[in-house]
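Single-structure report; data block below.
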Amino acid sequence: MNIAIVCEYNPFHFGHLHQINEIKKVFPKANIIAIMSGNVVQRGEFSVLDKLYKTKIALEYGIDCVIEIPSVFSLQSAQNFGYYAIKIIDAIGCDYVSFGIESEIEDLISFKNFLLENNDNIEQFICDNKNLSYNKSIIEFSKQNYMDYSDEIFKSNNILALEYIKSLDEINSNCKILPIKRINSDYNSNSIENISYSASSIRSNIELLDQCESKIPTLTYKFLKNSYIEVNNKLSDILSYKLLIEKYKLDNITGYEKGLENLLTKGLDKNYQVFFENIKNRKYSQNRLKRLILNYILGVDKKFVDDILKKDIEAIRLLGFNKNFDLSMINKNCKICSLTRDFSKLSEDYQKLFEFDIKVSRLIYSTRKVNDFYDFPVIKK
């Protein structure tokens, strides 16, 4: 039996370990496959650890196999991120997908049915309320029309859970769900008191890690101390060049809306954090703007994303597996692409999809030549 977890491990903490242990309690002999973001994450940032360190940590703490979510889809909305992850899970033949939730699963399924039944009305509501972002439109429509509405439904883990459940329905998958209640609902808190179960807290307190060594997994602590990546500030110069010198248009970029180029240009600053203070906007979340910027720098156009979403999964990127995992269980359903010789046999669209991963790696390791396929071997534990 194969059970998938969609994850980012940015970075891995005891809440993630709790999920793995809970799965093993229910299915002790099952393989657990992590469908994981690589060097960029859905917040629109570079991961604090590169994907090889994240893979090593995952394998150390109970994951049997790690498959990469392509960078293009790690930089998408929850809707596209969740949909592509579920397509991978379905393509490799997983029996279950497990995810964390804050609410009762029955409440989420009921709300999912409400969204699907009202899809046309929601689309019309979005068109009629262009001053609202997509997410805020969904929230406002739900407040007005869903009798059991609760703010809790829109907590970030619930939002992703809803997308996974919806996507399973949309692709008519046989994969079942294995929801696990989070043991700490304040996971978005930056407070150091929440560091054991909060990736946000770990990221915000990197400089205080020595005070928290016992509160985070040993391997996470070790790699953060020695291999922490801070490259987000590099993006200011690249963004300025593309907007002011190259004048590369934004209108075809995934996540773009009319007028956003003016907002970005007015906010430009050498310091990336100051830049985001300058472009604070009620309509657009900071994460959405960060995703747009990385997609713009990488040149990810909307049509390409839409086209890939319509296709069957042609190949997956394997990052690592343990010695007891039988790769043939995946390979019989979906091509594993980990070497250049496989890469050249892919369709033009899938070559382009994986080339974006190489671009991301080069952005991170810009001081040396990086070829994503040669320099990042599959990890075998």
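Glycine is no exception: its Cβ is also placed from the backbone N, Cα and C atoms.
Nobody curates TrEMBL annotations by hand; they come from automatic prediction.
So that you can see what the record holds, here are the features copied from TrEMBL:
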{"type": "BINDING", "residues": "6-19, G100, N157, 182-183", "note": "ATP binding site"}
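Features recorded in TrEMBL, as mapped to the structure shown.
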| residue | record | DSSP (3 states) |
| --- | --- | --- |
| V6 | ATP binding site | strand |
| F12 | ATP binding site | coil |
| H18 | ATP binding site | helix |
| N157 | ATP binding site | helix |
Among all the protein chains here, how many other CB atoms are within 10 A of the CB of Y9 (ATP binding site)?
-> 26
What same-chain residues, at least 6 away in sequence, bring their CB to under 8 Å of the CB of F12 (ATP binding site)?
-> K54, I57, A58, Y61, P217, L219, T220
